[in-house]
Amino acid sequence: MPEPSKSAPAPKKGSKKAITKAQKKDGKKRKRSRKESYSIYVYKVLKQVHPDTGISSKAMGIMNSFVNDIFERIAGEASRLAHYNKRSTITSREIQTAVRLLLPGELAKHAVSEGTKAVTKYTSSK
C-alpha cells in the first residue's frame, strides 16, 4: 500500500490558497483596483461640524452607503423628470426638483439652498 507524500499534506476543504488581487501567477505585481468612496468628503464635513470628533470605519461604511443611496435616488428622479419633459440633459433644475420631491420639508429647503450656493461658487470660480 503506497503512502501519500509527506511533503504536501492534503489541504482541508475550503482552505485553498487563493492568488491575491495584487499578484499574478508569474509573480509580477498588478495594480490594485481602486475602491471609490465618499469617505474623505464625509471626514471633511465631520471636521467642519465637529472638529474634535472621530468616526469608526463601520460608521464610515454606513455613511458611504447612505450617500450612494441618496445619489442614486436623486439621479433616478432627475432622469425621470428629464424624460417626462422630453429633455436629454439633466440640468441643475431637474436636480433641484428631484431634491424637493425626495427630501421632506425643511431638509429639502436646506438642501436646495446649499446646492444653489455650491453651484454659484463653482460658476464664479471658472
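Each residue, glycine too, has its Cβ placed from N, Cα and C.
Positions annotated as SUMO2 cross-link by Swiss-Prot, on the basis of similarity to another entry: LYS6 (among others).
As annotated by Swiss-Prot, SUMO2 cross-link applies to LYS21 (among others).
Taken from Swiss-Prot, the feature ubiquitin cross-link applies to LYS35 (among others), supported by experimental evidence. If you take the C-beta of LYS35 (ubiquitin cross-link) and look for same-chain residues 6 or more apart in sequence within under 8 angstroms, you find none. Following the DSSP three-state reduction, the secondary structure of LYS35 (ubiquitin cross-link) is coil.
If you draw a 10 Å sphere around the CB of LYS121 (ubiquitin cross-link), it holds 9 other CB atoms from the protein chains shown. The ubiquitin cross-link annotation in Swiss-Prot covers LYS121 (among others).
Annotation for SER113 (O-linked glycosylation site): no spatial neighbours, criterion Cβ-Cβ under 8 Å with sequence separation of six or more. Taken residue by residue with DSSP, SER113 (O-linked glycosylation site) is part of a helix. According to Swiss-Prot, the feature O-linked glycosylation site maps to SER113.
If you look up Swiss-Prot, you'll see LYS6 (among others) marked as N6-(2-hydroxyisobutyryl)lysine, on the strength of experimental evidence.
What Swiss-Prot records for LYS6 (among others) is N6-acetyllysine.
According to Swiss-Prot, the N6-(beta-hydroxybutyryl)lysine annotation covers LYS6 (among others), on the basis of experimental evidence.
Under the heading ADP-ribosylserine, Swiss-Prot lists SER7, citing experimental evidence as support.
Residues or ranges marked as N6-acetyllysine by Swiss-Prot: LYS12 (among others).
Annotated N6-(beta-hydroxybutyryl)lysine per Swiss-Prot: LYS12 (among others), in sequence order, evidence recorded as experimental evidence.
Among the features that Swiss-Prot reports, N6-acetyllysine is placed at LYS13 (among others).
According to Swiss-Prot, the feature N6-acetyllysine maps to LYS16 (among others).
The feature N6-acetyllysine is assigned by Swiss-Prot to LYS17 (among others), with a large-scale study or a structure entry given as support.
The N6-(beta-hydroxybutyryl)lysine annotation in Swiss-Prot covers LYS17 (among others) and is backed by experimental evidence.
The N6-(2-hydroxyisobutyryl)lysine annotation in Swiss-Prot covers LYS21 (among others).
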